[in-house]
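Asks: Quick one: this structure, given as structure tokens, is what I'll be asking you about.
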Amino acid sequence: MATTSTSKQNKKKRWTKKQKKDAWWGLLFVSPFIIGFLIFMLGPMLFSFIGSFTNYNLTSRMEFIGLANFKRMFTQDELFWKSLYNTAYYVILNVPLTAVGSVLLAVLLNQRMRGISIFRTIFYLPAILSGVAVYVLWMQLLSPTSGLINTVLSWFNIQGPAWLFDPVWTKPALILMKLWSVGGAMLLYLATLQNVPKQLYESAEIDGASSFKRFYHITLPMITPIIFYDVITSTIGAFQIFQEAYVMTDSGKGGPANSLLFYNLHMWNKAFVAFDMGYAMAMSMILFIIVLVLTFVNLKLAPRWVHYS
Amino acid sequence: MVETTSSVTKAESTPKTKHFKSRKRQKKIGKIITYILLIAISIILISPLLWMVFTSLKPMNEIVKYPPTFFPESIEWSNYTTTVNAFPFFHYMKNTLFITFFVVLGNVVSNSFIAYGFAKISFPGKNVLFSLVLATMMVPGFVTMIPQYILFTKLGWVGTYLPLIVPSFFGSAFNIFLMRQFYMSINNELIEAAQIDGANHIYIWSHLMIPLTKPALITIGIQSFNGAWNDFLGPLLYIHDEDMYTLQIGLQTFQNQSTTQWNYLMAGATLVMIPTVLLFFFAQKYFIEGMDLTGGSKG
């Protein structure tokens, strides 16, 4: 390029000057992130931390009450435990089921066959749909008498459950709805699978390895880094469950026997219905700690099963 | 699972033994089973959407019929006009488009700008700062939601679209990551040459990088369109004036009012989903790239 004509000495001198200048340019470019981080993340988190020890109610009151919020949460608020149980139930079933589902679909799609891209489109389509329209659609699909699911079950002479009206079935209903959109994670796996060297499978096949063995010994190790990423992000995502339950339980009432009262729904009701903001901020701190601990555990366990090539 | 990734040519080069023949047949059976599985899963995944459209076209007497039929016996297009009039659909659509426009603009500009700094300029503390970007992905939104609401209350922004729009101008971790990956694939010599010609970084970013990173910008644009169009939590928290409702809030209110009038509800759901589905079919490539962690290498 044009720089080649300048002598080495000159170049070196200009670089240091350039480096100084570059530092300012660099800071200018990343400054929106820094400002946004301070205003919308670090500031709020500090405020939440302090607020969790107060009885703040958005208007005037903000007195330090020590650990009273946490004491109330752990010893007097039955709904706190209920919402924590509901959320744990959901996370424990949702995260592995979506991981397994998306890996299986990706393996199924990772083949050289005619029309495979059409299937990929179909598998992925539900994953891009989100929001109230999807929840309303599923409220109809899950409707005990006029819904598609129980109608199909009745063709096989199976009496379907009351889904969203039966406390035992509300959470499985929601997990079912979430499974509909495994296509997102599936694409992540598919992209990785397509990078697995074909020779690996070919030589394994010549050695007579069965398709299950090939999956277990070649495919699975190759995708463990993605499974790891997927498990971390989907665990955090699953803890955020709120909108589905809010829409499906008549504006956040929690459903039959509070079976859909998830952690965030309870926090929402405390913060924006009761305006018990100090208490809600204490709840948000506990949520943060739970997610932090789980992410940390995931990171610690990773070397045991994640293969990095 | 069935795996047929091996190539045929390789298999043919082996001697044609009995063993080979049986394996070839085995492979054919495997292929048929795979197709059956693919078709069965496709039917399961697509039928909710077909059911939604069919239900939206059924007249009321078919809706209340038990057991329900899959296909409508007669088609009632007027369900759509009824729905559109039952909640001010087009008014809410206008509101939603207004917010969406600014959210898309904010996301595309800010993430492109920020990621340029992380990818193309070296400055002290860059790596630490980038780790911070990635760390923000691990913070659940609900942890910062209450103080943010308090902040916007104090600013007097509650009841306006500002809390929904303004934060998108400060970048978001995943999009910064995505854009940075894309910038990495662009040769640095281009920037150095422009600098020798006297161009500063702002000029290089706005005149050279934006045209070069168009595919990544479209990906971010589409993703944030989808996000803003389907956002329910934001408007639920900040918009209380019915006149300012978005489609998501409108549909939820409509659902509360007409609990089991499934034909109208399904018509509403269909209408709200249409832009996303159309976008998906016309720009599927960008949806897929938005998911690709390693991606952006196809400059």
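Cβ atoms are placed via backbone N, Cα and C, with glycine included.
Nobody curates TrEMBL annotations by hand; they come from automatic prediction.
Relevant sequence annotations retrieved from TrEMBL are reproduced here:
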{"type": "COMPBIAS", "residues": "B:1-14", "note": "compositional bias 'Polar residues'"}
{"type": "DOMAIN", "residues": "B:93-283", "note": "domain 'ABC transmembrane type-1'"}
{"type": "REGION", "residues": "B:1-22", "note": "region 'Disordered'"}
{"type": "TRANSMEM", "residues": "B:32-54", "note": "transmembrane segment"}
{"type": "TRANSMEM", "residues": "B:97-116", "note": "transmembrane segment"}
{"type": "TRANSMEM", "residues": "B:128-152", "note": "transmembrane segment"}
{"type": "TRANSMEM", "residues": "B:158-178", "note": "transmembrane segment"}
{"type": "TRANSMEM", "residues": "B:262-283", "note": "transmembrane segment"}
Asks: Check the transmembrane segment (B:262-283) against each of B:32-54, B:97-116, B:128-152, B:158-178 and return whichever range has the most CB pairs under 8 Å.
Replies: B:32-54
Asks: Short question: most Cβ pairs under 8 Å with the transmembrane segment (B:128-152), which of B:32-54, B:97-116, B:158-178?
Replies: B:158-178
Asks: Mind checking which residues reach the transmembrane segment (B:97-116)? Cβ under 8 Å, same chain, six or more beyond either end.
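Replies: Distal contacts: 161, 164-166, 168-172, 175-180, 182-183, 201, 205, 209-210, 213, 216-217, 220-221, 223-225, 227-229, 231, 235, 246.
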